[in-house]
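Listed in TrEMBL for this protein:
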ACT_SITE  Glu45  active site, proton acceptor
ACT_SITE  Lys114  active site, for glutaminase activity
ACT_SITE  Cys168  active site, nucleophile
BINDING   Ser195, Lys201  L-glutamine binding site
BINDING   Gly350, Ile351, Ser352, Gly353, Gly354, Leu355, Asp356, Ser357, Thr460  ATP binding site
BINDING   Asn436, Glu465, Trp470, Ser471, Thr472, Tyr473, Lys593  deamido-NAD(+) binding site
DOMAIN    5-268  domain 'CN hydrolase'
Amino acid sequence: MHGFHRIAAAVNKTIVANPKENANEVLKLLTEAYQKQVAVIVFPELTLTSYTASDLFLNQTLIQKQYDALASLLLDAKAINTVAIIGFALLHNNRLYNTAIVFQNGEILGVVPKSYLPNKKEFYEKRQFNSGINIQNETITLFNTPLPFGTDLLFKAQNEILFGVEICEDLWTITPPSNQMAINGANLLFNLSASNELIGKAHYREELVRTQSARCMSAYVYTSSGVGESTTDTVYGGQALIAEYGSTLIQNERFRLTSHLITADLDLQRLNWLRMNESSYTDTSMTPFRTIYLEETVTIKTLQRFVSSTPFVPSKFQEKQIRCDEIINIQAHALIKRMQHAHIEKAIIGISGGLDSTLALLSTHKAFELMQWKTQNIIAITMPGFGTTSRTKNNAIELCQALEVTLREVDISKLALTEFEAIGHEVEDLSVTYENVQARARTSILMNTANREGGLVIGTGDLSEIALGWSTYNGDHMSMYALNSGIPKTLIQYVIESFKQNEKIAPIIDDILATPISPELLPHDQDSIVQETESIIGPYELHDFFLYHFIKYGATPKKILFLANHAFDNYEEETIKKWLKKFIWRFFTQQFKRSCMPDGPKVGSISLSPRADWKMPSDADVKIWLEAL
């Protein structure tokens, strides 16, 4: 389903040195996973014996009973299509190996030995086991069947699933085996572990797993031994967690007294696309690996994963504050550098009382404060036209006065009428020409003022408008520095809101945030806005969602529609599809504006600068993207 696959990490209640009962517990969890449409499930280290059997591993009885339990488990699992990964003490060539056995439908597919054995403090694995770090391209016979054995195994399904397996300490080393697995294409990494509990260790484990998933551009599924392990000297809490590309998707509650599993729907298609676009990944040298092919894996029928409807906006309040502070500092320092380089200490801003010009003014003001420049050298120009309402104009004026910047007013109505007459345009004709004449008149005033004052024109257009081409070419499309060009509309309101700590401007900001988004280029109706942007081009929350998934992950139109349907419960599918088509059409047809957009700072992971992040021909055909819907 659009590259999503349900994966599970299990923590089974274990009985030390009782393989039969442990196998029964594994079967219960495996059956549950299959019923939940899980494609692959992983169990803790040395699943059938328990990890803490200690020197009993050197006893023939335990090893033999473990083999018997495995044979019984395989027989009972013949009708279960879910791939299982369990820990097993394997005897091979008179050596004992700590391994992971991968099986599906009751058939073993391969055996992976542990590479790094901890032999320090409370761990002494080398007393019983041997390292398998150098075992490659080998075959063992198990239950009269030759099987691939080694650290060079990857397991591949017919869909996007390609996984590798490492065991506990392997992850804690300088160069985990999973690094090379990922380099060779594994987008899904599993770790069977037995990691005891110490103060703070659980947090460290999570960080280890999360950062490894980011470094490997993969999903990482980790599970550790829990209840039932010996408490002679240590305690095992049974931590299980699933991370994807640097984010922890789910984590269990430790110290549970019963067997349980956690699941997450992983977007492996997304991971593959990210790797394709990462030069440091594709530049890395591959090493020989054997690929073991799985039978068709279980597929999900419905998505059980949170998809944020506002992917540009952090969900937690504290993170929002941190993010907003970062954005403001990026903008301020970008502007400082540009003005210092140009030996300019004046900034010219067209202020409308809308979101974008408000943020540009506030961030410019921040830059001037940092440099201890006179805020009077910020020249804010309000330019009322045929559609300007008193609400937006008054907000602009009050904000400028509160910030103690220089405020000027230039009514563009006469300029526009003169232009209409010059080009033979009827004033009653409210076509795009009527609007664009006003937009270009404003830009002309700003540019000419900048020349006269020796200042820099600050662009106010945001990332969302740039994506949609919602600007007048060589009008508000043009400036001397596009300060907002890296910030999407859905994020801008939160950045502006963060300035409310200044009590002088807090009420003004509240009203600006409550004002409908509008270019105010068409005549107003009794001082009320008649031209609401979102009723014309669609909701910005949808367009920002489309932009995020289209640019960041290269998602297809069908996948974007699928994700949007899952994320938004306040729009019907047909409504989402309508605006998605509008987004795609505008994104392609308006590239010519982006091809000559002014400089501006990159703020987040998505930028549409033609010099840096987004290089696209202005005359690309949009047909196949629209046909996909």
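Each Cβ is built from the backbone N, Cα and C atoms, and glycine gets one as well.
Quantities reported herein were computed from a predicted structural model and do not represent experimental measurements.
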Counting other C-beta atoms within 10 angstroms, the emptiest spot among the recorded positions Lys114, Lys201, Lys593 is Lys201
Listed binding-site residues (Asn436, Thr460), ranked by Cβ neighbours within 10 Å, top entry | Thr460
CB-centroid shell, 8 A cutoff, ATP site Gly350, Ile351, Ser352, Gly353, Gly354, Leu355, Asp356, Ser357, Thr460, site residues removed = Thr358, Ala360, Leu361, Ala396
When the Cα-Cα distance from Glu465 (deamido-NAD(+) binding site) is computed for each of the recorded positions Glu45, Lys201, Asp356, which gives the smallest value?
-> Asp356
Which are the residues of the chain, Asn436, Glu465, Trp470, Ser471, Thr472, Tyr473, Lys593 excluded, whose CB is within 8 A of where the CB atoms of the deamido-NAD(+) site average out, their centroid?
-> Ala439, Gly461, Gly469, Gly475, Asp476, His477, Gln590
When you look at Asn436, Glu465, Trp470, Ser471, Thr472, Tyr473, Lys593, which the record names as binding deamido-NAD(+), what is the longest CA to CA distance in angstrom?
-> 16
Name the residues of the same chain, 6+ apart in sequence, whose Cβ is under 8 Å from the Cβ of Glu45 (active site, proton acceptor)?
-> Tyr51, Gly87, Asn98, Ile167, Cys168, Leu192, Ser193, Ala194, Ser224, Ser225
Other CB atoms, at most 10 A from the CB of Thr472 (deamido-NAD(+) binding site) = 21
Ranked by how many other Cβ atoms lie within 10 Å of their Cβ, the binding-site residues Gly350, Gly354 are led by Gly350
Just report the maximum Cα pair distance in Å for the recorded ATP binders Gly350, Ile351, Ser352, Gly353, Gly354, Leu355, Asp356, Ser357, Thr460, no decimals.
-> 12
If you run the three-state DSSP split on Gly350 (ATP binding site), which class comes out?
-> strand
Average pLDDT across the domain 'CN hydrolase' (5-268)?
-> 98
Please report the number of other Cβ atoms within 10 Å of the Cβ of Tyr473 (deamido-NAD(+) binding site).
-> 15
Spatial separation of Trp470 (deamido-NAD(+) binding site) from Lys114 (active site, for glutaminase activity) - C-alpha basis, Å | 57
Students should find that the Cα atoms of Lys201 (L-glutamine binding site) and Lys593 (deamido-NAD(+) binding site) sit apart, in Å rounded to an integer, by 52
